[in-house]
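As recorded in TrEMBL, the features of this protein are as follows:
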type	residues	note
TRANSMEM	23-45	transmembrane segment
DOMAIN	39-287	domain 'G-protein coupled receptors family 1 profile'
TRANSMEM	57-76	transmembrane segment
TRANSMEM	96-118	transmembrane segment
TRANSMEM	130-152	transmembrane segment
TRANSMEM	191-218	transmembrane segment
TRANSMEM	239-257	transmembrane segment
TRANSMEM	269-289	transmembrane segment
Amino acid sequence: MSNQTTVTQFFLLAFSDLLELQILHFVVFLSIYVATLLGNFLLILAVAQNPKLHSPMYFFLVNLSLSDICYISVTIPKSMAISLTSNTLISFSGCAIQVLSVAFCATAELTFLSVMAYDRYVAICHPLQYTMIMNWNACFQMAAAAWSASIINSGVQTANTFRLCFCGSTVAQFFCDVPLLLMLSCTDTTANIWCMVGFALTLGSFCFTLILFSYVFIFSTVLKIQSAQARYKTFSTCTPHLTIFSLFISTIVFSYFRPKSLSSPLVNQLADVLYAVLPPLMNPIIYSLRNKDIQVAMQKLSKKVFGSYWMFR
């Protein structure tokens, strides 16, 4: 216990000490950040501007985009600031806010993907009852439950993590995250680990079960459709969601559950970037490429925006 000190600040990982690479990192991350914000805000505006898209499926997609905007805004700007200033310091409260926000957004991502899977199940397996089951009251309740689960999970994880005493202050990542902070603790982290695993298993099991059974019934229903064209058209409404879910899960698995043989400073940095950057960046792109209604809405919005721009020039 004599080696314990009161940690009031942490030091995050810088991508490089070379000025040229710092500038390159800043430019790349700035491009990714702007593209992510632009893509998600355009998607939200496209849904808001098009009455045809005022349906439960796109309501949940807007919530997912809001989560993505929050997700990437928590990690990327601080990393860009480190590249500009070479100052890797983050305050104790700043680190706690990052942990809270990352856990909140990751939980929201998973819960909304689960709700979206259920929405597709109802739309395909019970089309005649869809408007009755997925009424706006039910949609608001589902969204409230998803955000509430995110608040509870992130609050518990953050409170449990920052009640610990820390012996180290160097976080081997470009943002604060619970597993790495537990490694810096002087005190026994068994209770924290069990709490983290318990919450993750409870919430994860519920979400994975909901998604799994939704798609089992969806596949079963689609296979009963006689026309190959109708089967393709029906299942195509699910492919953007399945792609996004697969991307999100694969980045989590690669970041947290990859074998030790694949662990190295370079691989660890790559895993952190994929986990924090790829889902928020790719979600609006995937929906824009794979969903015709979004494509049409985006085109109309672009014509409206750029048409107004040229009109006032």
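Using the three backbone atoms N, Cα and C, a Cβ is placed for every residue, glycine included.
Remember, predicted model here, so these are calculated numbers, not experimental data.
Highest Cβ pair count under 8 Å relative to the transmembrane segment (191-218), across stretches 23-45, 96-118, 130-152: 96-118.
Segment contact is absent for the transmembrane segment (239-257) and the transmembrane segment (23-45), given fewer than three CB pairs below 8 angstroms at sequence separation of 6 or more.
Tallying C-beta pairs under 8 angstroms between the transmembrane segment (57-76) and each of 23-45, 130-152, 269-289 places 23-45 first. When Cβ-Cβ distances below 8 Å are used as the criterion, the transmembrane segment (269-289) is approached by residues 13, 15, 29, 32, 35-36, 39-40, 42-43, 61, 64-65, 68-69, 71-72, 75-76, 102, 109, 173-175, 240, 243-244, 247-248, 251-252, 254-255, 258, 295, 298 of the same chain, each at least six residues removed from its ends. Sequence-distant contacts of the transmembrane segment (96-118) (same chain, at least 6 residues past either end, Cβ-Cβ under 8 Å): 57, 60-61, 63-64, 67-68, 70-71, 74-75, 78, 90, 142-143, 145-147, 149-151, 153-155, 157-158, 161-162, 175-178, 181, 203-204, 206-207, 210-211, 214-215, 241, 244-245, 248, 252, 276, 279.
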